[in-house]
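J.: Can you keep this structure in mind? I'll have questions shortly.
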Amino acid sequence: MAAGGGQAFAWQVFPPMPTCRVYGTVAHQDGHLLVLGGCGRAGLPLDTAETLDMASHTWLALAPLPTARAGAAAVVLGKQVLVVGGVDEVQSPVAAVEAFLADEGRWERRATLPQAAMGVATVERDGMVYALGGMGPDTAPQAQVLVYESRRDRWLSLPSMPTPCYGASTFLHGNKIYVLGGRQGKLPVTAFEAFDLETRTWTRHPSLPSRRAFAGCAMAEGSVFSLGGLQQPGPHNFYSRPHFVNTVEMFDLEHGSWTKLPRSLRMRDKRADFVVGSLGGNIVAIGGLGNQPCPLASVESFSLARRRWEALPAMPTARCSCSSLQAGPRLFVIGGVAQGPSQAVEALCLRDGV
């Protein structure tokens, strides 16, 4: 059921993390929010692992990661949390894969990636972990697609992505993994491709209409949304440098085409490097960076039923570069940058679901 209006949403503020961080890796498992690694105040990757008990609202320290890292991917596999790739203390991508065994409170090393990579996108389906793309030590974007078999602790290669990239957005819909955007070096990628898990083949869909860095992406009700970001200079605009935009582009999976929504349906605020998600039939955009000198606290939602944007309650702690995670009726916004790495943990909630 669609939730309507700003009154349908509220912020839930949790105790701050013991360790402030940005680019942390987050996972939700059995009523616990795990925050792993990331970069601290010194700007170096952390091996710190902490968990928030959602029932008691208390933080506990976990055994440190064997490999300090930031910007890693995480996948929950039953009672384990698998941490994949990332970047180490010398700013080099890592190949290390490690699993946290929740029942035993310890880490185990797993089969490493064939190539070190940061910005890997991961998806879990039926106990199999799919890893797509990444950036290697030579800074070149990767097209590799891997599947992890946990029973045999091994990575197998699958057909490569048509467009190499890192930091892409991925969505699992039916038997397909959709891969949108990402980057090649400093350049944003406009490719939109889908991998069929049954036939193990790739399909190229029409590319994003506009080239934007640090855009937000979400999927809801059979459509994929690409929001905001930094518009890149090009032959079709008069800007000489990147600029914040409030663009809204929507891809209809059934009809296979992009629609660039008119000016009247653009976001209320121009923003980039923000959190985006789907709650109660609404696409929500949270925080980020805009034309102001500090991070944004503003929050807005696009109702898929009413086809309009509405202001929501502001984020208690204005931030950008946050980690995020959706768990039921909550969209968690974790850490990030305020006036430095943040300890804040807050969740935008549907009032009826909390």
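Cβ atoms are placed via backbone N, Cα and C, with glycine included.
Okay, so Swiss-Prot annotates it like this:
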- 1-31: repeat 'Kelch 1' (REPEAT)
- 32-79: repeat 'Kelch 2' (REPEAT)
- 81-127: repeat 'Kelch 3' (REPEAT)
- 128-175: repeat 'Kelch 4' (REPEAT)
- 176-222: repeat 'Kelch 5' (REPEAT)
- 224-281: repeat 'Kelch 6' (REPEAT)
- 282-329: repeat 'Kelch 7' (REPEAT)
- 331-354: repeat 'Kelch 8' (REPEAT)
J.: Against the repeat 'Kelch 7' (282-329), which of these stretches has the most C-beta pairs under 8 Å: 81-127, 128-175, 176-222?
T.: 176-222
J.: Near the repeat 'Kelch 1' (1-31), which same-chain residues lie under 8 Å Cβ to Cβ, leaving out any that are not at least 6 residues past its ends?
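T.: Non-local partners: 37-41, 46, 48, 50, 52-55, 57-59, 61, 69-76, 79, 81, 83, 86, 102, 279-282, 284, 299, 301, 303-306, 310-313, 315-316, 321-325, 327, 330, 332, 334-337, 340-352, 354.
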J.: Do we see three or more Cβ pairs under 8 Å linking the repeat 'Kelch 5' (176-222) and the repeat 'Kelch 8' (331-354), pairs being at least 6 apart in sequence?
T.: no
J.: What counts of helix, strand and coil residues does DSSP assign across the repeat 'Kelch 6' (224-281)?
T.: 3 helix, 23 strand, 32 coil
